[in-house]
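Listed in TrEMBL:
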type	residues	note
TRANSMEM	12-40	transmembrane segment
TRANSMEM	60-80	transmembrane segment
TRANSMEM	106-123	transmembrane segment
TRANSMEM	129-150	transmembrane segment
TRANSMEM	171-194	transmembrane segment
TRANSMEM	214-233	transmembrane segment
Amino acid sequence: MAYPETTSKRLTFLMTLTGLWTSITFVYIIGIGLASGTAVTPSWSTAYDISSGALILEGYSAVGGFGKFCGVVLALGVIANNVPGTYAGALDCQVMGSYGKMVPRYLWVCAVALVYFVCAIAGRDQLVVIFQNFLALMGYWIVIFVSIVLEEHLIFRRNRGFDWSGWENKNHLPAGAAALTAFFIGWAGAIIGMSQAWYIGPVAKLVGGIGADIGIWLGMGFALLTFPALRYLELKQLSR
């Protein structure tokens, strides 16, 4: 969506934040209600033992056929929610290099859709467990990534901004060595501080009697502390 150049940046930010916050909060409230219901409603608890989808259908059972219709709408909504991510995945494949651009975008879209289709079919019986493990790793990754992007924007781009015309010219873009190094260092912090069912880091074990997950905070802290110095060195050596 394109806006006029005179559009207020603050208004754009507030509208985006409000839209995201409202939609996410609404879904979270529904999820909290369903999760709480499993503790007091035996039929909900039984349905949850089958799958999260069965729990949703059981939650709608009080309204009969309309509840089944709502369940179908929700299922279709999940599919529709994959569309922006699939298209974004195709764009990511094309910006990885000149070779990626040689492949038409619609073929990349088909390839990305095929990958997650195969993964969904193969992991359909353990989907909840897979998501629980995968989303935990995503949490560490996102915090480290956002920390680096914010420091680049607030510290190094605050006065000179971005040259949007050079987005495809590698000579105008950061080399990425500083960001990549800080990213790996951040992950080192996340690994020693994470506490998951399949792994507990050495630092996490020191917190309390049973350990605690501080991987997000260590990952963010390691990245925040190391990126400015590395980026300054990168700018000094490469001037970009």
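Glycine is no exception: its Cβ is also placed from the backbone N, Cα and C atoms.
With a threshold of 8 Å between CB atoms, the same-chain residues lying at least 6 positions outside the transmembrane segment (12-40) that come near it are 3, 48, 55-56, 59.
Count of Cβ pairs under 8 Å against the transmembrane segment (171-194): among 106-123, 129-150, 214-233, the largest is for 214-233. Among residues of the same chain six or more beyond the transmembrane segment (214-233), those with a C-beta under 8 A of the stretch's C-beta atoms are 139-140, 143-144, 147-148, 151-152, 155-156, 174, 177-179, 181-183, 185-195, 201, 203-204, 207.
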